[in-house]
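Asks: This is the structure I want to talk about, given as structure tokens.
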């Protein structure tokens, strides 16, 4: 790994809630312009306001953890959700594997935390950053996709009994994510 690809010493990937978050480096995968496809992700400056942190677990640059907040106005508001991010040796040409560690009631996220999101599968592009991936995950919490569900019964409930769906999602958020 070259010096330009290595994480900066003393950076943890934590995001402050203030505007100073633009001044410190943040975790991000290398772009497709990187010559060595087998390099681990590197730091970037931009994560969404709901993504509070993202960075390596210990010394393993291919295993990351992220923390996101339930988006304001969503049934997940007030929740703190932890995600694991795994980068394969084929990264950035293959998408990272992103899974929820925190239980969540969502038609596009199953009980093992697997996320049904097009950019983590067929619509992956090496130009995507971890910031953009986490922004997409946060957007999925605001606007689920019941037409491409991973959990059919939750999608059905979302489309036929939204009030009950939202009540259960808020209950799970309170129970598992606070």
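Every residue, even glycine, has its Cβ placed from backbone N, Cα and C.
TrEMBL feature annotations, pasted as is:
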- 1-56: region 'Disordered' (REGION)
- 1-15: compositional bias 'Polar residues' (COMPBIAS)
- 16-25: compositional bias 'Low complexity' (COMPBIAS)
- 31-178: domain 'UBC core' (DOMAIN)
- 116: active site, glycyl thioester intermediate (ACT_SITE)
Asks: Can you give me the average pLDDT across the domain 'UBC core' (31-178), rounded to a whole number?
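Replies: Taking every residue of the domain 'UBC core' (31-178) together, the mean pLDDT is 90.
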Asks: Near the Cβ of the residue listed as 'active site, glycyl thioester intermediate', how many other Cβ atoms are there if near means within 10 Å?
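Replies: Here the count is 18.
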Asks: Mind tallying the domain 'UBC core' (31-178) by DSSP state, helix then strand then coil?
Replies: 40 helix, 35 strand, 73 coil
